[in-house]
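Visitor: Quick one: this structure, given as structure tokens, is what I'll be asking you about.
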Amino acid sequence: MKRSRVPSTSEDSDNGSNSTSWSQHSNSKHRKQSGKRPSEVFRTDLITAMKLHDSHQLNPEDYYELADPWRQEWEKGVQVPVSPESIPQCAVRTVAEKSTAPLFIKPKKLIRSSESSMLGYVGIQTLADGMCRYDLNEEDVAWLQITNEEFSKMGMQPLDELTMERVMEEFERRCYDNMSHAMETEEGLGIEYDEDVVCDVCQSPDGEDGNEMVFCDKCNICVHQACYGILKVPEGSWLCRTCALGIFPKCHLCPKKGGAMKPTRSGTKWVHVSCALWIPEVSIGNPEKMEPITNVSHIPSNRWALICCLCKEKTGACIQCSAKSCRVAFHVTCGLHCGLKMNTILTEADEVKFKSFCPKHSGLDWNEEEGDDDRPVKVPTREDRSRNRGIDFSASSQTRLSQNPEETRLSERKLRVQQLEDEFYRFVAADEVAEHLQLPLEMVDILFQYWKLKRKVNFNQPLIMPKKEEEDSLARREQEVLLRRLRLFTHLRQDLERVRNLTYMVSRRERIKRTLCRVQEQIFHHHVRLLEQGRVTGVSSTRRLEEAMFYFRTTPPVPASPQPLKGHCGQNSTLSSSEKGSNSYRSSKHIEADKPAKMLMDGVPSSGDSVRSETVMSASSRRSEGRTRSGESHRKEEESERPLEDRRRKSKLWDQVSIKDKLRHAKSMEDTLSSETELDTMDDRLLLSHTNANSVATAPNMYSGSPRKTNASHQGKLVPNGTSGRHLKNWGSFRIPKRSERTSAGRQTERQEADNTADQNSSLKTFSTSPSSPQIRTRLRTGSENRRHLEESDLGQSEQGKRCHTQRLPSPMTRRYGSDVIQRGVLAS
């Protein structure tokens with residue numbers, strides 16, 4: 001079915017024109033009226049003819065099935081030329097083939113430059129080739145003068161120095177070239193054509209097409225192309241790798257030097273190709289080039305430890321005999337030179353197996369069994385076996401027997417070389433030199449005779465170094481420089497590795513030290529925080545913590561309610577039963593007076609208040625009886641001990657003050673004591689008036705927030721055993737008392753500290769405007785509870801006095817430094 005087509009717009013035009021494209025079958029009135037030809041024409045009948053209904057019957061080869069979905073833009077049709085007659089026609093004509101003959105080129109000899117050639121514009125190689133390499137010495141100049149005189153007498157042309165140098169250089173060049181060629185051919189030594197010459201790697205004397213035997217022109221080793229990795233035989237001379245580099249290294253796997261060697265991957269070690277093939281752990285990186293030698297480090301240590309049975313040296317890596325139950329070891333090169341039985345077998349799976357045998361098993365008639373080698377092997381006779389029975393197979397004797405033919409060949413070769421060197425003049429023809437240099441034959445012949453005499457005087461050695469050897473020497477020097485630089489960089493790299501390892505270890509050590517210091521700092525701050533918390537919250541917890549740190553004990557559990565410390569005589573002094581009774585009577589009166597204030601602050605009475613109420617009732621009855629009996633005597637005692645009662649009443653009020661108020665009061669007390677230094681003298685007088693014979697130190701010491709006077713006996717007074725305490729200054733101000741001194745010294749010190757504490761509190765009361773903070777917070781006990789407290793305090797004070805009273809440090813030092821000072825002091829003692 002033919003579909004009607006919607007006219008396209010200007011956006012569909014390829015040339016960007018504003019004209020509208022119409023179909024060929026469309027009848028547009030606009031196009032007829034205008035008379036203009038359309039810019040584009042599309043045929044839609046082709047698309048319509050291509051479409052077939054699915055029910056249409058056609059052969060499969062007559063149509064193509066469209067797998068892609070139909071697109072709407074395909075309905076536009078196929079674009080056709082607007083005017084096919086306007087298409088240009090191509091014109092073709094036959095052109096004759098261009099001639100390949102070269103054009104005229106002007107000869108260089110006809111080209112002349114107006115400017116003279118300068119030295120800088122000439123190549124260095126050209127200048128080097130133009131320079132004569134032979135220089136006349138004084139002897140040559142003297143001979144030249146005598147010869148020119150003879151030439152003048154004979155009527156010949158005199159000879160100049162430059163011509164003589166050129167002739168001598170030509171003699172040396174021709175002699176070297178001809179002698180080298182003679183040594184390489186059968187005419188000279190016949191080395192290449194010797195039937196006994198074998199490959200240094202595979203020990204085979206045969207060569208094949210594409211696998212020729214190549215000889216080194218310097219060390220004269222013979223190798224196959226495939227055995228040494230020679231891809232292409234060079235024209236002229238050929239040098240092996242070691243000779244090309246001008247080095248004579250030692251094999252890394254055997255003690256031998258020389259031979260067909262290849263470098264390892266690093267380039268610093270050299271290995272025989274035969275050693276690399278026979279040692280199973282070693283491999284070759286590129287089999288075509290037969291280098292580099294790899295996996296040398298994979299050789300086990302037990303192979304390096306084997307000792308060669310031929311050379312008796314523990315050097316390199318050895319191989320072992322392939323016979324069963326035979327573990328005789330020998331080097332690969334030693335076995336090859338001694339003629340041991342060493343075969344390469346090609347298996348059916350195209351694998352090469354290497355079989356090597358020791359001298360004992362190499363003497364067997366193995367040709368009949370294997371049949372792979374055509375070389376005759378000497379089978380020892382019965383006489384030889386009987387002669388050699390019981391004698392060790394020494395390396396020297398075997399090497400002497402096996403190397404006799406080779407030594408003979410070497411000696412013959414040396415003789416031939418010596419003979420060639422003696423007859424060096426046979427390799428130079430004077431007439432050829434005269435023809436080449438275009439000089440008179442008589443003059444060249446006279447110079448030839450002089451050259452022969454001078455060279456014989458020089459022990460047949462060349463007068464100038466051959467150009468090739470000179471280039472090789474220069475290349476060798478450059479190679480040596482490169483090797484030295486390589487070694488230098490290798491050592492530098494190793495040194496840098498050592499420095500890096502050292503810096504890593506130092507940085508790791510410093511990090512560990514920093515971590516340790518941080519841990520110690522955290523421990524120190526934790527101790528300080530515990531001490532500060534104990535000082536703020538209460539003296540008892542702080543003192544118990546300090547005792548645990550000072551005396552190396554575990555931290556005792558802190559009780560819920562404050563309790564008196566045992567062992568500190570300055571704070572818990574012993575009291576007699578009569579004094580305790582009077583104190584309980586007077587304290588009960590103050591407790592009764594202070595009880596309403598405490599209930600107002602706390603809000604709810606505690607369990608201790610009930611005990612205090614009972615104490616007040618008993619104390620009131622005792623007070624009534626005491627008033628009827630004594631009267632005025634009790635009144636006088638009350639007036640004399642009123643400061644003590646006021647001090648106790650203020651201590652009860654101090655327990656009810658908050659922590660912030662205590663801190664504020666402690667700070668104000670420190671400021672007051674530090675600012676009012678002029679009151680120290682009055683303080684000393686008041687303290688001396690309350691003591692009988694003991695001197696009291698005037699400097700106040702803060703211990704956990706409370707002031708304390710230091711006894712003068714600790715600063716230079718004699719201790720109970722009569723020794724001075726001044727020598728204990730550098731030992732932490734403590735010493736371990738003797739067993740006989742503990743009881744008496746403890747009691748005496750307790751009494752002195754009790755008196756000092758009382759005097760201190762009275763002096764602080766006199767000079768302070770607010771009540772001072774007590775050292776401990778306790779409650780007064782009455783009746784049986786008070787008596788039980790006295791018994792416990794007596795026992796605790798006696799034990800502490802015996803154990804650790806004299807070991808206590810001053811309080812400011814313990815608060816600042818913690819247990820570290822005590823530990824050092826104990827270690828030092």
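Numbering starts at 1 and runs along the chain as displayed.
Keep in mind that glycine also has a Cβ here, set from the backbone N, Cα and C atoms.
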Visitor: So which range, 108-142, 143-177, 248-282, gets flagged zinc finger in Swiss-Prot?
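Guide: Of the candidate stretches, Swiss-Prot labels 248-282 as zinc finger.
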Visitor: Could you tell me the mean pLDDT over the zinc finger (248-282), as a whole number?
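Guide: Mean model confidence (pLDDT) across the zinc finger (248-282) is 90.
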Visitor: Go ahead and report the DSSP secondary structure tallies for the zinc finger (248-282): helix first, then strand, then coil.
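Guide: When I sort the residues of the zinc finger (248-282) into the three classes, I find 6 helix, 10 strand, 19 coil.
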Visitor: Give me the DSSP three-state residue breakdown of the zinc finger (196-246), ordered helix, strand, coil.
Guide: 9 helix, 8 strand, 34 coil
